[in-house]
Amino acid sequence: MALFRKKDKYIRITPNNSLKGSVSHNVPEVPDELFAKCPACKHMIYKKDLGLAKICPTCSYNFRISAQERLTLTVDEGSFQELFTSIETKDPLRFPGYQEKLQKAKETTGLHEAVLTGKAMVKGQQIALAIMDSHFIMASMGTVVGEKITRLFELAIEENLPVVIFTASGGARMQEGIMSLMQMAKVSAAVKRHSNAGLFYLTILTDPTTGGVTASFAMEGDIILAEPQSLVGFAGRRVIETTVRENLPDDFQKAEFLQDHGFVDAIVKRTELRDKIAHLVAFHGGGQ
């Protein structure tokens, strides 16, 4: 009997074709270019609020920026003279897909390689400058990166210039094998010659600075600065924990941790780096 029939758990709705098309599909789309999500605090940020320095207004996280953006923030307008743009990798291993990956990175970043090198003025002080860009194959160090930085030091010796390097890297470039690892020794030898000439070398560690770059010229500066919360290390956290069989501190391999343990001289806000560089260069004799 219908009187004792169990009631349906859900309401039944009969499709009505007359309703089709009555709902507007003209929902405005928000362009991806307008907002960015902060990796640290997870807030959605209107990109214009990040400013030129690209610093999160909520938690002060420093977004990764390109070499060109770094150049704009650091040097005197119109003073940069790019050098060593004609050096090309020989692709010693004929690594499959490597040339295509290089070409894509060049098109995406507008750079010749993972490091931008040249001479520039910072508040009237002339310097030899290198800026690594993590957007170019994670700023991995191959033969071209090593050669460009080595030549920069050699030029600095000839012209009696201080060297300033913004480091960022995922390590040695695996597509070039042992040749990429040899760049560590080559650049370090150039750093030593520059030091023997009595010239100033300043490094600024940015996020991330890891692998062979950390194990060589990144940590060889006369003074070592770092941006806040930058990841700086050699091997990865999980590799170390597996090896030593211990849990590492939460802030392990952060710039602040390195400063507390004497590996970094100072943590400097991105917006203050230009003034700090100019001050340190002038204090150590300046660039002629």
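Each Cβ is built from the backbone N, Cα and C atoms, and glycine gets one as well.
Feature zinc finger, per Swiss-Prot, maps to range 38-59 of the set 38-59, 104-125, 258-279.
On the 0 to 100 pLDDT scale, the domain 'CoA carboxyltransferase N-terminal' (34-288) averages 95 in the predicted structure.
Mapped onto three states, the DSSP output places Cys56 (Zn(2+) binding site) in coil. Those same-chain residues not listed among Cys38, Cys41, Cys56, Cys59 yet with C-beta within 8 angstroms of the centroid of the Zn(2+) site C-beta atoms are Pro39, Ala40, Lys42, His43, Ile45, Pro57, Thr58, Ser60, Tyr61.
Just so you know, the Cβ of Cys41 (Zn(2+) binding site) picks up 12 other Cβ atoms within 10 Å once every protein chain is counted. In this structure, Cys41 (Zn(2+) binding site) belongs to neither helix nor strand by DSSP; it is coil.
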